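> I grabbed these lines from Swiss-Prot:
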- His83, His182: heme b b562 binding site (BINDING)
- His97, His196: heme b b566 binding site (BINDING)
- His201: ubiquinone binding site (BINDING)
- 33-53: transmembrane segment (TRANSMEM)
- 77-98: transmembrane segment (TRANSMEM)
- 113-133: transmembrane segment (TRANSMEM)
- 178-198: transmembrane segment (TRANSMEM)
- 226-246: transmembrane segment (TRANSMEM)
- 288-308: transmembrane segment (TRANSMEM)
- 320-340: transmembrane segment (TRANSMEM)
- 347-367: transmembrane segment (TRANSMEM)
Amino acid sequence: MTNIRKSHPXMKIIXXSFIDLPAPSNISSWWNFGSLLGICLALQILTGLFLAMHYTSDTATAFNSVTHICRDVNYGWVLRYLHANGASMFFICLYLHVGRGLYYGSYMYTETWNVGVILLFAVMATAFMGYVLPWGQMSFWGATVITNLLSAIPYIGTNLVKWIWGGFSVDKATLTRFFAFHFLLPFIISAMVMVHLLFLHETGSNNPTGIPSNMDMIPFHPYYTIKDILGLLLMITVLLMLVLFSPDMLGDPDNYTPANPLNTPPHIKPEWYFLFAYAILRSIPNKLGGVLALVLSILILIIIPLLHTSKQRSMAFRPLSQCLFWLLVADLFTXTWIGGQPVEHPYIIIGQLASILYFSIIIILMPXISFAENHLLKW
């Protein structure tokens, strides 16, 4: 009699995806983040679902409903802070996951990579809309500033912004639709994750050497299930430390003030995970230029497979490319810091230099250094 795991149609999919999946024997902990992202998504959907049971998406009651969740709902404060800090963990894992892909050349699986970039956009959109829902000062003004950027689009911009707002300013209609989309998008993301995995399982995983590992594969379970559980324990530990000891560390104090259209906060800034993009947006003293730079800062990931000039896939054996990669990481940290600073000297020029360096590394320096490395190795 055949094992039900291998014969039952639904079980077969799970068996082939998480149990008998052939995986390279040498993938490091950098390959943990895929499963961690899946767990983050599940956690966000669950906590979000329970929060939505008590939240009201009306400008008059939104702020108070969030306060009510924290004060009156059983363990409502745990739900809220798990959801808010879970988003931070989600983005930490996302950026590490993308960084791993860049370092080890995983982007050569173009279908998987492109679906991943679309997923990144979808998660960023979801997080932005979620930040608007508590209807604090930073929620309101963040929504106003970011949606207003669309008015830079020639000809249709102004009408587009009013259409998104559902009126002449960010108001009740805006909040209601943001809640609707914030609820809907994670389920679309879940479906896209399945497409992401479908494309990945067509090729199998990459590995740190960037050399095909078809001759040395091991089953996913028990080796990588156990390895992933270690990563999960570490992530849950960090998340619980955040939630239980300093739940507001990554938030903005301004968001504890109810939204007031008549009073602008002195420094409007997004959550920490958008600060690098915000710095790139602000570094260009032109509205349309800034918006284009903002979109391109993420969209540039799509063309990375086209910019790969090296004969080697991974950066593991390319010290010059490694130096550039870590320079890029340092540059992103710099821009994250700049995004949270006021628009004044010397922050303006630092932000502009960081933005120029960001695009230069990806478009010019990386391909050129890879090309030079080929010649150094006489390839």
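Backbone N, Cα and C atoms are what each Cβ position is placed from, and that goes for glycine too.
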> Measure from the Cα of His182 (heme b b562 binding site) to the Cα of every one of the binding-site residues His97, His196, His201, then give the nearest.
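Result: the closest of the binding-site residues to His182 (heme b b562 binding site) is His196.
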> Non-local Cβ contacts of the residue listed as 'ubiquinone binding site' (under 8 Å, 6 or more apart, same chain)?
Unk16, Ser17, Leu21
> In whole Å, how far is His97 (heme b b566 binding site) from His83 (heme b b562 binding site) when you measure between their Cα atoms?
20
> Going along the chain, which residues at least six beyond the ends of the transmembrane segment (178-198) come within the CB cut-off of under 8 Å?
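Hits for the transmembrane segment (178-198): 17, 38, 41, 44-45, 48, 52, 55, 57, 112, 115-116, 118-119, 122-123, 125-126, 129-130, 132-133, 143.
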> Restricting to CB pairs under 8 Å, which listed stretch, 113-133, 226-246, 320-340, 347-367, is in contact most with the transmembrane segment (77-98)?
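Answer, by Cβ pair count: 226-246.
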> Which listed stretch (226-246, 320-340, 347-367) has the most C-beta pairs under 8 A with the transmembrane segment (288-308)?
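Most Cβ pairs under 8 Å with the transmembrane segment (288-308) come from 347-367.
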> If we skip the immediate neighbours and take only residues 6+ beyond the ends of the transmembrane segment (347-367), which ones have a Cβ under 8 Å from one of its Cβ atoms?
279-280, 282-284, 293, 296-297, 300, 304, 307-309, 321, 324, 327-328, 331-332, 334-335, 338-339, 341
> In three-state terms from DSSP, label His182 (heme b b562 binding site) for me.
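Note: His182 (heme b b562 binding site) is helical by DSSP.
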> 10 Å Cβ neighbour count around His182 (heme b b562 binding site)?
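A 10 Å sphere around the Cβ of His182 (heme b b562 binding site) contains 21 other Cβ atoms.
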> Compile a sequence-ordered list of residues in the same chain as His196 (heme b b566 binding site), six or more apart from it, whose Cβ lies below 8 A from its Cβ; state 'none' when nothing qualifies.
Thr112, Val115, Gly116, Leu119
